[in-house]
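Novice: One structure, pasted below without further comment.
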Amino acid sequence: MTTSTPQTMYEKLWQTHLVEATKGETPLLYVDRHLIHEVTSPQAFANLRFHNRPVRHPERTIATMDHNISTRSIKIDAAGEGAANQLRALAINCKDFGIELFDMGHKNQGIAHVIGPELGLTLPGTIIVCGDSHTATHGAFGALAFGIGTSEVEHVFATQTLRQNKAKTMKIEVKGHVGAGISAKDIILAIIGKTGSAGATGYVVEYCGEAIEALSMEERMTVCNMSIEFGAKAGLIAPDQTTFDYVEGKEYAPKGEVFEQAVVDWKNLKSDADAQFDAVLTLDAKDIKAQVTWGTNPGQVISVDGTVPSPEDFSDPVEKESCVSALNYMGLTAGTKMTDIHVNKVFIGSCTNSRIEDLRAAAGVVQKYEGQQVVKTIDAIIVPGSYRVKEQAESEGLDKIFTDAGFEWRLPGCSMCLGMNDDVLEEGDRCASTSNRNFEGRQGRGSRTHLVSPEMAAAAAITGHFVDLNA
């Protein structure tokens, strides 16, 4: 549909997927790709059976086992009876409804938001949904991707559509280039630190600027992955040659002339020069330093060369009270140097930072410590995001770099990102984690989570505390 009014990328994606927009009703959008897993799909399948409905387009749905599985064993019951029941249910449901499943031990199994891109299931210009809040990851490709609830999972199963109200638009521009050693995780944590944990509520965010354009696809995924952590419905990055090169040749991606024509279309998938956004935020890349969260939401973050803030540093009474609560839960004292905070657990993994580039970066830091071992009082685990990532890392010898230094090398899965499997922290454990959420109890009851980059996590494992790698 052509229009004389300049449009944002989000508005273009919305318009091309709009099925119905009846006055007084919630608009209806077409869904191109539906990713499912064992946790948010059982009730949706049960309702389909109750109403005797088929999955309308099973070929547009892909299932994987990721949240509840053990990363120590491929046995379906290794993470407990409850998890095993959900995993068995997924296998039965996929068979009954004709949905392709990457189950335990399958060469394509992995975290949904890792396997989608690496297999070419994630494509620019599409709408992608999943019953998981970090579906925004796929926005790195210029796809409108967002998490949905179980009732919405059922709606997509039955109709391949979804009712959605149109969001507001926000542009976040990161000007210039980041300094040496600054990662994509640092960029997104710095953004969240500036906006606060609810700063983009009600918006779809488009990331742009030289610092964003310079990122690899895997780094862009890290940025978009955490869009929900400051309230955004979704995060978008305009597709470019970096995107096209990444997608080309992937197993499920278009091939030959079909791919070439797709690229022609994808090149137009960007915000028009004069498009108006409802909100604009600008950051200077050179000001971004390595980040560490100190509190109990991702917005409570500071550079590693800083100190734990005091409640008196906040003028807003809500933020002041939040700081008091966070310091109490985290067992921290205001004024403590971030580099003086010691950890006893390290987790490198999750849909935020478990791809091959993340593992290479972490291994590179381990090598810089020239034979030093993980501190004896620390348990450190490396969890690749998929079997393909695992195999690639092993072919490069990364697993040996980690295990020789005292890290555990695990099987793919969501693992310690969330307390939903057998990788759970105990009360009082303090973890340097490459995941995306540091809420109270997120990694286990009473657990204390500090969100960091893979590089920072690896350094913390070797030294026992947070390190300013650029000092």
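Every residue, even glycine, has its Cβ placed from backbone N, Cα and C.
Values in this document were obtained by computation on a predicted structure and should not be read as measured data.
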Novice: Could you look at Cys351, Cys431 and say which one Swiss-Prot places alongside Cys414, Cys417 in the [4Fe-4S] cluster site?
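Specialist: For the [4Fe-4S] cluster site that includes Cys414, Cys417, Swiss-Prot also lists Cys351.
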Novice: Using a 10 Å radius around each Cβ and counting other Cβ atoms from all shown chains, which of the binding-site residues Cys351, Cys414 yields the largest count?
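Specialist: When each Cβ's neighbours within 10 Å are tallied, Cys414 tops the list.
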Novice: Tally every other Cβ atom lying within 10 Å of the Cβ atom of Cys417 ([4Fe-4S] cluster binding site).
Specialist: 29
Novice: Under a three-state reduction of DSSP output, how is Cys417 ([4Fe-4S] cluster binding site) classified: helix, strand, or coil?
Specialist: helix
